Amino acid sequence: MDSHHHNHNPNELVFLAGIPLFLLEVTVGQVTRRGVIAAWNICPLFQGIGYACTLINFFLNCYYTVIMAWAFHFIFSSFTSQLPWTRCDQSWNTPACRVFTNQPINSSIIENTTHMSNISLITVDATTEYWEYRVLSISDGIHNIGTVKWDLALCLLFTWIIIYLCIWNGIKTSAKIMYVTALLPYGFMFILLIRTALLDGASNGLIHYLKPDWSKLTDMTVWSDAGTQIFFSYSLGLGVLTSFGSYNQFHHNSLRDCYLFALVNTFTSLLSGCVIFCTLGYMSYISNIPLNQIAESGPGLGFIVYPKAIGTMPGSPFWSICFFIMIILLGIDSMFAGVEGFIAAAGDYFPHALTSKRFRCIFVGCVCITSYLVGLSMVTNGGMYVFQLLDYYSGSRIILIVGLLESLVIGYIYGYKRISNDMKMMYGFSLTWITCLFWCIVTPIFTFALFIISVIVYEELTYKRASIHKPYRFPGWAVKVGWLIASSSVLLIPLVMIIKIFQTSGTLIQRIKTLCIPIIDNSNTEISKFNVTTSTGTLYNPDEKTM
């Protein structure tokens, strides 16, 4: 959640590079009928891309469920006549606590506190104290991990139980559930939009959101954030699309799905943005504080700013429940895709775990339990720091490297002619030369440029606590752990490459050439049938020119 870089112009440009990569990943899964690891037998030399995608996806699944656990905590706390974060007489409150009201904050207090770098602010909002001292019970740093918070641990367990019950029986069952989890959030978003649009100052927030700020186009941080956001919102570089593509019927028109997904994703972003900025405009109005000073990024937007605004509305418990149910439904929808993608990738090496209902039940349970145990580190007193570390280093710029390699390998080694013929075989029509231009030139260049920009604007990780003026700077050892997490996924690509080369016979050049030849999985009877009767048989000819 990020409200600072609200300008959507970069996103509208970046998704032009995201759509071709989206189509590539789905097509690879659909033509191979395999999860992301086995699907990369189209170029065994770079099968490490599949392993990298799977590991990044695993990290994402582990920390994304923590957000859902926080949301469950807020839902359970909302079943009361007065929301607990709208009071200052609770056991976790400090003498500095104040309740957010519709009275303007004294500007002299703000000026005085902005110069205080080493001590807490004079006053701390009740919502902030609830978030930091009640929900998180946050420690003073990552070095002080503390103990597991049992209430959050139970919320996290509840989250994983829901995910398990929804996906253990296979993709057909989870697909039916996704109709509900995908559509219901729109109902809640429209309800919240109508409510927030009627608030005083909402129009100012909408204008702030929808009015283009062309100066942002020169801000490299905006481009870096927009590129990373597109990759995550489209699930690029995670192996999820490849796994889902493998479940499609062979002649399913994924090109149509690709454009439909882009439209729905853009609409969803605009709708959620309107809800958020109507609320921010309202808060700016009643507090007499500029909107830019109210806006927060990261978890603070969803768990401090929005609950604070809801607390001032009539019937606040109802609106709080609506908002956090929406957050959970969106999260569950994403987790279906993430966990199912991981299971499909791992299932290629444990086929009995997926074909047998009994074994699948056990296998999915093991995946969920393992992910839950990793997530426990993020529901401790120092869990927020672990969360920030994983969020900052496990994906972001690393996922751009994966996307770049995907487009280069498929476009130049597997060959754009091969992938075009695969699509013609599946869809029944040929794609235009413009599509190939994007695959081979536009997408790689754009992705590489985004990666370079992300490197240029890179800053060592800090965490800004709302109750403390000075940001917490992570110690050197924590930064090293972060880079270890980041490199653990991308280093799998050269590692698998080296292992494959050693396992192949011949000279080095012969081994590399051999490993660039796609491998046909004859155990897949559906694909074997097409290999005989269609152009796929010639696609896998090692003597064929790919470019």
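Using the three backbone atoms N, Cα and C, a Cβ is placed for every residue, glycine included.
Source: prediction; values computed, not measured.
Here's what TrEMBL has on this protein:
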- 12-31: transmembrane segment (TRANSMEM)
- 37-60: transmembrane segment (TRANSMEM)
- CYS88-CYS97: disulfide bond (DISULFID)
- 150-171: transmembrane segment (TRANSMEM)
- 183-210: transmembrane segment (TRANSMEM)
- 230-247: transmembrane segment (TRANSMEM)
- SER233, ASN265, LEU330, ASP333, SER334: Na(+) binding site (BINDING)
- 259-283: transmembrane segment (TRANSMEM)
- 318-347: transmembrane segment (TRANSMEM)
- 359-378: transmembrane segment (TRANSMEM)
- 398-415: transmembrane segment (TRANSMEM)
- 427-457: transmembrane segment (TRANSMEM)
- 477-502: transmembrane segment (TRANSMEM)
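Positions of TrEMBL features highlighted on the structure.
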residue : record             : Cβ within 10 Å
CYS88   : disulfide bond     : 17
CYS97   : disulfide bond     : 21
SER233  : Na(+) binding site : 17
ASN265  : Na(+) binding site : 18
LEU330  : Na(+) binding site : 21
ASP333  : Na(+) binding site : 18
SER334  : Na(+) binding site : 21
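For the transmembrane segment (318-347), the list of distant contacts is 35-38, 50, 53-54, 57-58, 60-61, 64-65, 67-68, 71-72, 74-75, 78-79, 83, 162-163, 166-167, 171, 174, 177-178, 181-182, 184-185, 188-189, 191-192, 195, 235, 238-244, 246-247, 302, 306-307, 310-311, 353-354, 363-364, 367-368, 371: same-chain residues at least six beyond its ends, Cβ to Cβ under 8 Å. The stretch in closest packing with the transmembrane segment (477-502), judged by the count of Cβ pairs under 8 Å and taken from 37-60, 183-210, 259-283, 359-378, 427-457, is 37-60. Long-range contacts of the transmembrane segment (259-283) within the same chain: residues 3, 6, 8, 11-12, 15, 18-19, 22, 186, 189-190, 192-193, 196-197, 199-206, 208-210, 233-234, 289, 291, 294-295, 301, 305-306, 308-309, each at least 6 residues beyond the stretch ends and with a Cβ under 8 Å from a Cβ of the stretch. Calculated from their C-alpha atoms, the gap between ASN265 (Na(+) binding site) and CYS97 (disulfide bond) amounts to 40 Å. Look at LEU330 (Na(+) binding site): DSSP puts it in a helix. Secondary structure at CYS97 (disulfide bond), as computed by DSSP, is strand. The stretch from 183-210, 230-247, 398-415 that makes the most Cβ contacts under 8 Å with the transmembrane segment (37-60) is 398-415. The two recorded residues, ASP333 (Na(+) binding site) and CYS97 (disulfide bond), have Cα atoms 37 Å apart. Listed in chain order, the residues near the Na(+) site other than SER233, ASN265, LEU330, ASP333, SER334 are THR268, each with its Cβ within 8 Å of the site Cβ centroid.
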